[in-house]
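Taken from TrEMBL as is:
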| type | residues | note |
| --- | --- | --- |
| ACT_SITE | C298 | active site, nucleophile |
| BINDING | C177, A178, G179, P180, G181, G182, K183, E201, D245 | S-adenosyl-L-methionine binding site |
| COMPBIAS | 1-13 | compositional bias 'Polar residues' |
| DOMAIN | 88-358 | domain 'SAM-dependent MTase RsmB/NOP-type' |
| REGION | 1-64 | region 'Disordered' |
Amino acid sequence: TTAAKSLAKSSGATEPITKERTGKPTENSGLTTPDYPKPSPSIHQNLPLSKKLSKKQRKELEKRHTRNQLVETLFNEFYIAQYDTRWPSLLDALRNPHRYCAMTNKYACQESIESYLPSDAQQVTFLDIPCYVSNDKFTPPTVDRAGITMVYHLDASSVLATKALDVQPDDNILDMCAGPGGKTLSILQRLSHSGYLTSNEPSVSRRVRLQRVINNYIPPSVRHRVSVISNASTYPPLFDKVIADVPCSNERHLLRNEIEFVRWNDRHSKKLLPTQYTILWDSIKMVKIGGIVVYSTCSINKCENDGVIEKFLDKSRMDIEIVKREYEVGESTDYGWIVLPDRSAGWGPLYFCVLKRMK
């Protein structure tokens, strides 16, 4: 394609960091022919550099290099079809280091938290719970005198999704795909002693990480307000709110992991769609009439976002209302809201849609 022939090189950072970036987000460049990602140097790392390559090694190198270029071409053509001339700036933003904020823990000593935060820390204004950014690199989270971890590092857009849940202090809430625990912890910051949270995580390894987060951040006297389970789909409709952050393509991670990236093809998301649809359907069934479900992904693929919502609305006989509102960062979609890093100061990607069960 014409788009595939006019690629520019990108910086291609490989390590996620917690240092904040300043300045205006990248705007649409207006280019009609976007760039592909630069092939990763790690393609060559497993081949010996101290001696001449054998024919077999050279053939393997050429094969891997060709495969990588093919995947890059197909990947870019796939997303050019969705984002057109915006794709160069979005691709560049996705390949930049991930941006993080420090979400403070209300159960930790506030004086200790103030000592932990850098002197230039500023509160993220578009969030409803205390989260901070800094030009200095955040140090790893530490504990207060009682052994409670004080802050949790995550993308501010993830906290925005829990803000869309409109948590009330005494709500009974289900976190449908809770591991590794950032959204669970975010929800707990908003609940009172009369509220309750059920954190569901089918994956054993992610469930272990989730339980560790709860143990590290929540005092023993409060842990009875949250339960960790592995199969919420059997529950009756007893929840006021449900958030379903479903498994997705996670392109920002994909672009930074060569092993996973070379396995990508345009059928990958199609394999995820049945799981995403099922989780959304189960979430709607488990929320009370009048309750709210927030469906979310960290994908930029429109098929996994508005596409899943549209399919649900077409096929479901349930009376569902889409709740639309504006947020301080991000942009509107047909059914929901999406935060994309090229126009949101590096935050995201994060898509969410708010659905209300009417009857």
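Glycine is treated like the rest: Cβ placed from N, Cα and C.
Nobody curates TrEMBL annotations by hand; they come from automatic prediction.
Since we're looking at a predicted model, the values are computed, not measured.
Sequence features annotated in TrEMBL and their locations in the structure.
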{"residue": "C177", "record": "S-adenosyl-L-methionine binding site", "Cβ neighbours (10 Å)": "21"}
{"residue": "G179", "record": "S-adenosyl-L-methionine binding site", "Cβ neighbours (10 Å)": "24"}
{"residue": "G181", "record": "S-adenosyl-L-methionine binding site", "Cβ neighbours (10 Å)": "25"}
{"residue": "K183", "record": "S-adenosyl-L-methionine binding site", "Cβ neighbours (10 Å)": "24"}
{"residue": "D245", "record": "S-adenosyl-L-methionine binding site", "Cβ neighbours (10 Å)": "23"}
{"residue": "C298", "record": "active site, nucleophile", "Cβ neighbours (10 Å)": "23"}
Cα-to-Cα gap, C177 (S-adenosyl-L-methionine binding site) vs the residue listed as 'active site, nucleophile', nearest whole Å: 13
S-adenosyl-L-methionine site shell beyond C177, A178, G179, P180, G181, G182, K183, E201, D245, criterion: Cβ within 8 Å of Cβ centroid: D175, T184, S199, R206, L210
Longest CA-CA distance among C177, A178, G179, P180, G181, G182, K183, E201, D245, per record bound to S-adenosyl-L-methionine, angstrom: 13
